[in-house]
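Asker: Just passing along the structure, written as structure tokens.
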DNA sequence: GGAGATTTTGACAATCATTTTCATTCTGCA
DNA sequence: TGCAGAATGAAAATGATTGTCAAAATCTCC
Ligand SMILES: [Zn+2]
Ligand SMILES: [Zn+2]
Ligand SMILES: [Zn+2]
Ligand SMILES: [Zn+2]
């Protein structure tokens with residue numbers, strides 16, 4: 001029934017970092033999967049709605065998805081060079097967001113927090129020669 | 001020389017919350033300004049590059065800009081209903097981002113942090129009648 | 001097993017913010 | 001005044017995402 005959705009989910013699981021719908025589609029076609037772009041978009045959205053994958057927006061405005069190991073609320077440390085992603089936890093940030101929101105009379109507080117950097121592999125000294 | 005850019009900046013300053021390029025353009029035309037959409041986009045980008053305005057992406061992927069009072073690093077508490085924005089500070093978050101990044105061997109760490117909620121005006125009880 | 005109802009799929013067209021193009025209009029300066 | 005280079009903006013191009021709709025798959029009840 002959700003054959004396609006599972007296939008999309010699997011493809012995502014095989015990826016290291018965040019991937020766009022277009023990426024996933026290309027990847028699947030490359031491996032011979034018979035699926036349409038529309039269906040990939042729908043599957044990704046459904047997975048995101050169901051909380052099975054995480055979404056974030058790139059600087060270029062593209063939505064990218066990732067099948068995370070943790071199924072509880074968490075954030076991401078993403079290498080801006082290679083995309084390698086680490087799932088991180090930040091109780092202090094959670095508290096801070098709630099506090100700062102309440103202090104100003106806001107309710108139903110949510111937050112987006114992403115950390116970017118250059119991972120150790122990518123920051124290895126460039127060859128001088 | 002930067003007449004247009006200043007006009008765009010002024011329009012932004014008159015706004016309460018974040019505004020899209022399209023919004024700013026419409027607003028300016030409404031008030032009789034003679035300016036093209038392309039120029040608004042260019043001005044907004046230049047202002048953002050120069051750090052004179054802050055940018056963020058909406059859920060719908062639109063870039064929105066705001067002329068903030070603070071010229072130092074800060075974050076935003078945004079009403080998801082009316083867009084009213086409060087500039088907030090979060091030393092704990094700054095430290096956390098740096099720490100979590102270093103712990104995983106990442107360098108040149110940056111972060112995006114935005115808090116959303118419903119402001120007191122917008123959460124006023126809906127009329128029962 | 002089968003007919004009809006219901007859901008899922010995907011090729012294609014449509015949308016829409018943003019970017020490019022490129023010809024025209026400024027600007028500073030000799 | 002006259003010109004090189006920057007700024008401007010109308011119109012076309014781009015490109016991710018969404019809408020459409022008919023065909024295909026799946027389910028439901030007999
Ligand atoms: Zn995650
Ligand atoms: Zn959090
Ligand atoms: Zn509000
Ligand atoms: Zn910060």
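Glycine too: its Cβ is placed from the backbone N, Cα and C atoms.
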Asker: Given that TrEMBL annotates B:94, B:111 as binding Fe cation, state which candidate in B:31, B:73, B:76 belongs to that site as well.
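Answerer: Checking B:31, B:73, B:76 against TrEMBL: the Fe cation site match is B:73.
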Asker: If we take B:73, B:79, B:82, B:94, B:122 as the binding-site residues, which have a Cβ under 8 Å from chain A?
Answerer: B:79
Asker: Cα-Cα, whole number of Å: residue B:82 (Zn(2+) binding site) versus residue B:94 (Fe cation binding site)?
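Answerer: About 28 Å separates the two Cα atoms.
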Asker: Anything from the binding-site residues B:73, B:79, B:82, B:122 with its Cβ under 6 A from ligand 3? List those in sequence order.
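Answerer: Checking each Cβ against ligand 3, the ones under 6 Å are B:79, B:82, B:122.
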Asker: Out of B:73, B:111, which of the binding-site residues has the smallest number of neighbouring Cβ atoms within 10 Å?
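Answerer: Counting other Cβ atoms within 10 Å of each of the binding-site residues B:73, B:111 gives the minimum at B:73.
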